[in-house]
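Reading through the structure tokens given below for one structure.
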């Protein structure tokens with residue numbers, strides 16, 4: 001396996017598991033990050049899907065292993081084994097679906113049952129493009145994250161809003177990144193994804 005430019009150093013791998021209720025946008029967030037695309041036709045994830053992405057950070061290269069889990073009840077028994085050796089849990093809810101938000105506490109409890117405090121947890125409120133149907137305010141999301149001592153961000157997989165920032169913030173919190181965070185207090189790490197450079201012109205939607 002290639003070290004992707006980190007000659008003499010094995011490429012560090014970090015496992016990110018995406019959790020949340022059905023149709024909150026877990027697969028769409030991964031697809032936006034991996035391919036910068038969005039598919040309007042919804043297809044439920046069956047069981048567990050796995051994708052891998054190399055990220056070139058300021059001072060090193062890491063490989064993110066993205067595990068996309070099914071939200072349906074019938075697949076719940078599979079999920080703990082995937083949480084068990086994860087570095088990061090990304091718990092996603094739909095800002096237009098109150099139940100999906102309420103269930104985030106249960107998902108985070110599941111993560112802590114399997115991993116204790118030895119895990120980074122990011123709470124993500126997805127579908128900000130549907131602001132007119134919003135049921136959970138950003139303040140409520142921030143408050144929930146504060147109560148549960150986890151990170152928080154809102155995103156739109158459809159427009160791409162904050163998706164890169166989500167992964168930047170996760171990357172800045174990875175084990176061994178403390179020295180980079182010191183140099184980069186705002187977590188604004190220069191991340192080059194392993195795909196051709198995008199033209200500097202329009203990027204479609206907000207590129208925050």
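Cβ atoms are placed via backbone N, Cα and C, with glycine included.
When the residues 35, 82, 161 are compared with Swiss-Prot, the one annotated as O-AMP-tyrosine is 82. Checking the ranges 6-16, 17-27, 39-49 against Swiss-Prot, the motif 'Switch 1' annotation falls on 39-49. For the ranges 54-70, 71-87, the feature annotated in Swiss-Prot as motif 'Switch 2' maps to 71-87. Residue 26 (GTP binding site) has a Cβ environment of 28 other Cβ atoms inside 10 Å.
Residue 157 (GTP binding site) sits 23 Å from residue 82 (O-AMP-tyrosine), taking the C-alpha atoms as the reference points.
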